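> Would you mind keeping the following structure in view while I ask a few things?
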Amino acid sequence: MELMDVLYDKQSGIAKITINRPKVYNAFRARTVQELIWALRDAWDDNTIGVVVLTGAGDKAFCTGGDQKARTSDGYDSSGGLGGGIGLEVETLHATIRNIPKPVIAAVNGYAIGGGHVLHVICDLTIASDHAKFGQIGPKVGSYDAGYGSAYLARIVGEKKAREIWYLCEQYTAQEALAMGLVNKVVPHERLYDEVDEWCEKILQKSPTALKMLKYSFNADTAHIEGISQLAMGSLAMYYGTEEALEGRDAFAEKREVNFRKFRT
Ligand code: S0N
């Protein structure tokens, strides 16, 4: 596949996948999601690869979720892909990160917001730069991920914190994320990729079959969330066409205060 939105590099057992859309803070469009799935499948297929690193290009962002500028009332332009209703193959992307039988490490180099936050949550491990910021934003911009984004997040940080994250849409520092168990380690920004390489090296020394079975065991305990995710994405496809959702999208694009009060009838 010709890659336009993603950089893909394989070296010494490590596959590094970088979302490369820094102008939009590494937000993803349909093509980006398709390329991410392709890269993950290539890493899955390649027996010399033992660990995958997911990160974002530049210093500002890991990923800020769906590209709001590519979102229409019909969802996203899927360019013929299996959009699953919203035009983005997010369900397949989530399932691929979970099912690839190798650890996936999120190297969070900046903002991990919205659907970008969900991506790091699904990854097996997260190493964060000390200037990374974490948060959900859907209810502010007329969107939500009520699958892995909510149910699996609650497994990680607990019900109260997960509800706070979604209901208030605040941003959290890397240290706050560490305190709530949302990330594994915080390092000075300039050390991020060295630290990730060290974690990869430790993983590469371990038995691949043992790691694979452990990952599947962890996954099995939350496997039911896939069904919740399908319902969530199905309902999101219907929600995106509503005036309420479009108010959220338009307010972000127009850089103005959002007004959801009129929908409280
Ligand atoms: C990251 C934020 C907080 C940075 O704010 P700051 O520093 O004030 O910079 P900005 O001027 O806002 O941004 C810099 C430039 O980057 C563009 N940009 C940033 N994020 C996006 C984006 N997601 N889409 C398109 N453009 C983006 C800005 O427009 C700006 O460019 P210029 O200067 O040219 O205007 C702030 O940017 C922010 O809050 N971004 C997040 C936006 C967002 O709404 N993300 C998606 C929200 N979705 C969800 O929360 C849940 C939904 C979900 O998980 C999901 C599930 C299935 C399918 C899709 C999604 C999905 O993520 O939508």
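Don't overthink the numbers, they just go from 1 along the chain as shown.
Cβ coordinates come from backbone N, Cα and C, glycine included.
As annotated in TrEMBL:
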- Thr64, Gly65, Gly66, Asp67, Gln68, Tyr76, Tyr111, Ala112, Ile113, Gly114, Gly115, Ser143, Tyr240, Lys255: substrate binding site (BINDING)
- Tyr76: site 'Important for catalysis' (SITE)
- Tyr240: site 'Important for catalysis' (SITE)
> When you measure from the Cβ of Ile113 (substrate binding site), which residues in the chain that are at least 6 apart have a Cβ under 8 Å away?
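Set apart from Ile113 (substrate binding site) by at least 6 residues yet with Cβ under 8 Å, we have Tyr25, Ala61, Cys63, Thr64, Gly65, Lys133, Phe134, Gly135, Gln136, Ile137, Gln171.
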> So for Gly66 (substrate binding site), how many other CB atoms are inside 10 Å of its CB?
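Step by step: centre on the Cβ of Gly66 (substrate binding site), count other Cβ atoms within 10 Å, giving 30.
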> Out of Thr64, Gln68, give me whichever of these binding-site residues has the highest number of other Cβ atoms within 10 Å.
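Per the Cβ count within 10 Å, the most buried is Thr64.
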